[in-house]
């Protein structure tokens, strides 16, 4: 049994290519990109776009991108895309994959030309300036595996008998001890809002405030296991629930989802402005 949010029948979602038989085009086609309004889940969370309680970014890693140079020779590249937290739309991932595939048989004079096109198209889809960085020198580009820092919640030996999302697990979340600490878990699993395909993630929670009850926090994270929502929406829900139930001075929630279709999505939400985000590839990515 899956758990869907109230907005899952919104007409915007019914027009997405997700869950439908689609044509894989190999000629450049920016119309393949599809947007999902961030307001869908934010309205349910009672968030105002004019006064959001967080900052952050959706960091995408591209592993499958290719085009033809002016002589018709294929070029391959990896890339990093950063979508601002306050863009009007998030970018639907299957449409992003189909869009990238449309570059396969299209000619571009340079990597800079491709980067310019990607930046323009993704910014248009998100309705906010998006940054794009591409790499073609794959033999001289470092992309080492890393690990989260802090204390792992997964060592807790707890019994679980319910897998339906339940924020009430966070009742009385904070003690009276003031701390600054980082906690993480590899047990976050949610499901695609449209197809119910499993989405796997590791999540890092860094905060300053009254100490959080680790067992309650882990039980809450596991309760996403049958919940249907997009990656970005899950992270915002987790951020808001921790802020609601905990006595928190500052908070950063950073999830790194496993790769699908040559893309991984890594949403980060934080109480503070950020200039840089650690694009740390984990083992399952």
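Even glycines carry a Cβ here, placed using N, Cα and C.
So that you can see what the record holds, here are the features copied from Swiss-Prot:
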ACT_SITE  192  active site, thioimide intermediate
ACT_SITE  199  active site, proton donor
BINDING   91, 92, 93, 231, 232  substrate binding site
BINDING   93, 94, 260, 261  NADPH binding site
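Positions of Swiss-Prot features highlighted on the structure.
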residue	record	Cβ within 10 Å
91	substrate binding site	24
92	substrate binding site	23
93	substrate binding site	23
94	NADPH binding site	21
192	active site, thioimide intermediate	19
199	active site, proton donor	24
231	substrate binding site	23
232	substrate binding site	25
260	NADPH binding site	16
261	NADPH binding site	14
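Checking each of the binding-site residues 92, 94, 232, 260 against the residue listed as 'active site, proton donor' by C-alpha distance, the shortest gap belongs to 260. When the binding-site residues 94, 260, 261 are screened for a C-alpha within 10 angstroms of the C-alpha of residue 231 (substrate binding site), no residue qualifies. According to DSSP, residue 231 (substrate binding site) sits within a helical segment. Excluding 91, 92, 93, 231, 232 themselves, the residues of that chain whose CB lies within 8 A of the CB mean position for the substrate site are, in sequence, 36, 58, 90, 96, 230, 265. Using the Cβ center of 93, 94, 260, 261 for NADPH, the list of other same-chain residues with Cβ within 8 Å runs, in sequence order, 96, 97, 262, 263. In this structure, residue 92 (substrate binding site) belongs to neither helix nor strand by DSSP; it is coil. Closest by Cα distance to residue 261 (NADPH binding site), from the recorded positions 92, 93, 192, 232, is 93.
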